[in-house]
Amino acid sequence: MEYSNSSNTEQPQTCLEITMEVHRVVPPPHQSTIHKLKTTLKETFFPDDPLRQFKGQPTGKKWILAAQYIFPILQWGPHYSLSLFKSDIVAGLTIASLAIPQGISYAKLANLPPIVGLYSSFVPPLVYAVLGSSRDLAVGPVSIASLILGSMLRQEVSPVSDPVLFLQLAFTTTFFAGLFQASLGFLRLGFIVDFLSKATLIGFMAGAAIIVSLQQLKSLLGITHFTTKMGLVPVLSSVFHNTKEWSWQTILMGFCFLVFLLVARHVSMKRPKLFWVSAGAPLVSVILSTLLVFAFKAQHHGISIIGILQEGLNPPSWNMLQFRGSHLGLSIKTGIVTGIISLTEGIAVGRTFAALKNYKVDGNKEMMAIGLMNMVGSSTSCYITTGAFSRSAVNHNAGAKSAVSNIVMSITVMVTLLFLMPLFQYTPNVVLGAIIVSAVVGLIDIPAACQIWKIDKFDFIVMLCAFFGVIFISVQDGLAMAVGMSIFKILQQITRPKTVMLGNIPGTDIFRDLHHYKESMKIPGFLILSIEAPINFANSTYLNERILRWIEEYEAEDHKKQSNLQFVVLVMSAVSTIDTSGVSIFKELKKTVEKKGAELVLVNPLGEVMEKLQKSDEAGDFMRPDCLFLTVGEAVATLTATIKSQVSNHVV
């Protein structure tokens, strides 16, 4: 592809003819292999340098700092005050009013007993309050993880015909999810989560929100025989093939409460100070609907209810964890998928609110906190939990100052488990479905999708792959497709690095892309190319072929203008690393360029690149001072002066 145009006339520039000081390109300081390996490992696994706080501290202080690092509550706990507690108790009670109905609803979404949702809103928040570093994260079950856990386990085990085994697998899945999350944090492998790009998450969340909403048609319409599949087509087919099961009483109640919840959500979005409207709406819906069912005996008129819920705190469940048998692989696979999704959501939510309040959240510590929280939860009858965006937003708007708000919420749930469970016996399932729909509507982010379309069309395609994959295939396959597309994009950028031809901006010694800066002009006899990526085995062949094509195109154009190519200048400011395959292409290029009667010149090779090129240049003719320059301007000025000197000597 030729970037030149008619406006890029080839005239020597006055500024380049002025004698300028040429700076010598010096090799980098020598470093031992062990030092290089140590630096690489440190930047890979410890980019935040967590040990820097221990430097220069006495032994006693180091032990205190270590305890505070592992248990953040020891850092902020001693400074906690009554005024902070007043704010946290209001926030904790507010999110408890949201967590109780959502916990029951999300447990049903995961095909688990409703009581498990409340168990999961009691123990995990206590664990996170001790280990977590976010002040705003409100912990509990979330819709997407619940959906994935329920759908993946249901592929092999029926929650209806074998509920005990299904529950055992749910707890085992939670254990493996927590183990995977904690391992990522402990081994400093959090960058793995970064493969879920923003575009992938937006498409995935929107698709999952629609699937979750469609699943609630069973409750909202009062259908008894409903498909176990998750796709759009099977769900709609099941809905319209069972129209005889539709209950007008259920539809009427569901529609009224869904409108009420959506209006409350809209009010809180328009006026953030009225956050308590949307926060309290689910609990108000549960109370009102329960009273209506009880008063009119609606359970005898086609409206299904939750039924009797077990009273008491979480029973131990470590004896239910299944570490052997034919379903172990399913538990591990489901644990990894749900672990990644919940971890990504929790960390993203924590960082979002930390940025609003100007404090930092340690990603690796959060991974360990969330992972240990789920491992403990799996032994106390809890399924997978994380920081939910809706509850965290309410927590933030309610004025939460610390993780004590999670403790207050947990105590409120504990009181509910001990004394208030009989009150939920007549709660209709249709209201739980309406609560879920109103909660997941916020996951469909249309403005963000439009923004992605404006910025990057390929990212938009990735987003659509995630969206349609989730809707038409399955939740996990849609996610896998989107991640695959994202990885393909990364590989495409690595294997096909960008190279551009540079020209001189008149009146300066600045060189820029000829295609971008129309006023820039070529320098006769010079082909100046900028390589804008690291060079490695994956792209070295392509780069070699692409540079040779640049040379051929330049020669074809110069042949028409009766001028010769004398120098091929490679600008390497953006080449941060190079491997042995990359080094070899420079040797090949040098030979090819010399056969054409020109010379290969390198500009600003960085430390590691220059070191490897020097080590490969045993003959000493590849990295000569007259072929190595710090800037393009110095290279052009020096080489132009050399040519003129040679011409003058030849004339004399």
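Note: Cβ is positioned from N, Cα and C throughout, glycine not excepted.
Here TrEMBL flags 112-131, 165-189, 195-214, 246-263, 275-296, 367-390, 402-424, 430-448, 460-488 as transmembrane segment. Taken from TrEMBL, the feature domain 'STAS' covers 516-639.
With respect to Cβ pairs under 8 Å, the transmembrane segment (195-214) is most closely packed against 430-448, considering the stretches 165-189, 367-390, 402-424, 430-448. DSSP assignment over the domain 'STAS' (516-639) gives 58 helix, 21 strand, 45 coil.
Counting residues 6+ beyond its ends, the transmembrane segment (165-189) has Cβ neighbours under 8 Å at 44-46, 110-113, 116, 149, 153-154, 157-159, 317, 320-323, 327-328, 330-332, 334-336, 338-340, 342-343, 363-379, 381-384 in the same chain. Per-stretch counts of Cβ pairs under 8 Å to the transmembrane segment (367-390) identify 430-448 as the leading one among 275-296, 402-424, 430-448, 460-488.
Nonlocal intrachain contacts for the transmembrane segment (460-488), taken as residues 6+ away from its ends with a CB within less than 8 angstroms of a stretch CB, comprise 147-148, 151-152, 195-197, 199-204, 206-208, 210-211, 230-233, 337, 341, 449, 452-453. Outside the transmembrane segment (430-448) by six or more residues, the chain places 101-102, 104-106, 108-109, 114, 143-144, 198, 202, 205-206, 208-210, 212-213, 216-220, 222, 250, 253-254, 257-258, 261-262, 265, 281-282, 285-286, 289, 303-304, 306, 389-390 with a CB less than 8 A from a CB of the stretch. Tertiary proximity for the transmembrane segment (275-296) is limited to same-chain residues at least six positions away from its ends with a CB under 8 Å from its CB atoms, namely 94-95, 97-98, 100-102, 253, 257, 260-261, 264-265, 267-269, 303, 305, 393-394, 397-398, 423-424, 426-428, 430-431, 434-435, 438-439. For the domain 'STAS' (516-639), the mean pLDDT of the prediction comes to 86.
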